[in-house]
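What Swiss-Prot annotates here:
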- 66, 69, 71, 73, 75: Ca(2+) 1 binding site (BINDING)
- 157: substrate binding site (BINDING)
- 187: heme b binding site (BINDING)
- 188, 234, 237, 242: Ca(2+) 2 binding site (BINDING)
- 34-109: disulfide bond (DISULFID)
- 67-72: disulfide bond (DISULFID)
- 115-310: disulfide bond (DISULFID)
- 194-219: disulfide bond (DISULFID)
- 1-23: signal peptide (SIGNAL)
- 61: site 'Transition state stabilizer' (SITE)
């Protein structure tokens, strides 16, 4: 007969296995409950990105900023809270597109598809709409009832981050160095505000001089002057999802400090070189990293809720 301690251990193992099973996401989650969910999301995203290519980057960023703060739970969509954090305030975009998608999905499947899953699918569809690779999005996330502004301030990478800080930041989310470099490649699309690259323009030496001169015209040195002026993160092909971001780094044309540190004599130099010359390798690493990121601490089963309106709890 088993001892009490061994029975307790067996129960703990069983509970852990059940917990792991419940946390598993599935590519077929909505096949029965809402079979047209993915096609509805894709149509809305494609239309939004075709209308404004920058929106693709904004939707990818929403998913990233969601997953890095208490997991992929759509907490970033709740009004206030995380939206007021330093890395998000005045720069997060795409809420109107998400709201439009949610309205369309609710019309065909009431309270079935989570806002967290909408973000994950919209990120994939945005990349595809801009010519990038596709991947299978695992589904079944549920929406949080809380958000965490303080965690958004501490856990989201800053544009001034050092390489060591970036590696540590991603590692704490279960993402390795290759994941970090690959996910940074999302900066092949989108734009950044002058206030986030001004210091690099005027105070750093590992920047192409012609590149810096061109940017200074729209980003004056005085703080407070032109802070919100925009520049593309990838000046070569700003609206195409490709590997030009890495090629730019090889020429010291990274816009943000946190971009150029990936190629500055450090441990990630070879990965940048590889992704620059081998688009297939970048695409493979990027899609794998997006799946891993999308699996950060999801709410599943009966956890959380399926919000009716992405900006507020039910």
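Using the three backbone atoms N, Cα and C, a Cβ is placed for every residue, glycine included.
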Of 34, 67, 109, 115, 157, 194, which recorded positions are close to residue 73 (Ca(2+) 1 binding site), meaning a Cα within 10 Å of its Cα?
67, 115
For the Ca(2+) 1 site given as 66, 69, 71, 73, 75, which other residues of the same chain have their Cβ within 8 Å of the site's Cβ centre?
67, 68, 70, 72, 74, 76, 82, 116, 144, 147, 148, 297
Given the disulfide-bonded residues 67, 72, 310, which one has the fewest other C-beta atoms within 10 angstroms of its C-beta?
310
Helix, strand or coil at residue 242 (Ca(2+) 2 binding site) [DSSP, three-state]
coil
Smallest number of other CB atoms within 10 Å: among the binding-site residues 188, 237, that is 237
With a radius of 8 angstroms around the mean position of the C-beta atoms of 188, 234, 237, 242, what other residues of the same chain does the Ca(2+) 2 site pick up?
189, 236, 238, 240, 241, 243, 244, 245
Which secondary structure state does DSSP assign to residue 219 (disulfide bond), in the simple three-class scheme?
coil
Within 10 angstroms of residue 66 (Ca(2+) 1 binding site), Cα basis - disulfide-bonded residues out of 34, 72, 109, 194:
72
A 10 Å Cβ contact count, applied to the recorded positions 34, 69, 115, 194, 219: which residue has the minimum?
34
What same-chain residues, at least 6 away in sequence, bring their CB to under 8 Å of the CB of residue 71 (Ca(2+) 1 binding site)?
144, 296, 297, 298, 299
Here's one to test understanding: among the recorded positions 34, 109, 115, 234, whose C-alpha is closest in space to the C-alpha of residue 75 (Ca(2+) 1 binding site)?
115
How many other Cβ atoms are found within 10 Å of the Cβ atom of residue 234 (Ca(2+) 2 binding site), counting all protein chains shown?
27
Closest of the disulfide-bonded residues to residue 237 (Ca(2+) 2 binding site), Cα to Cα, picking from 34, 67, 194?
194
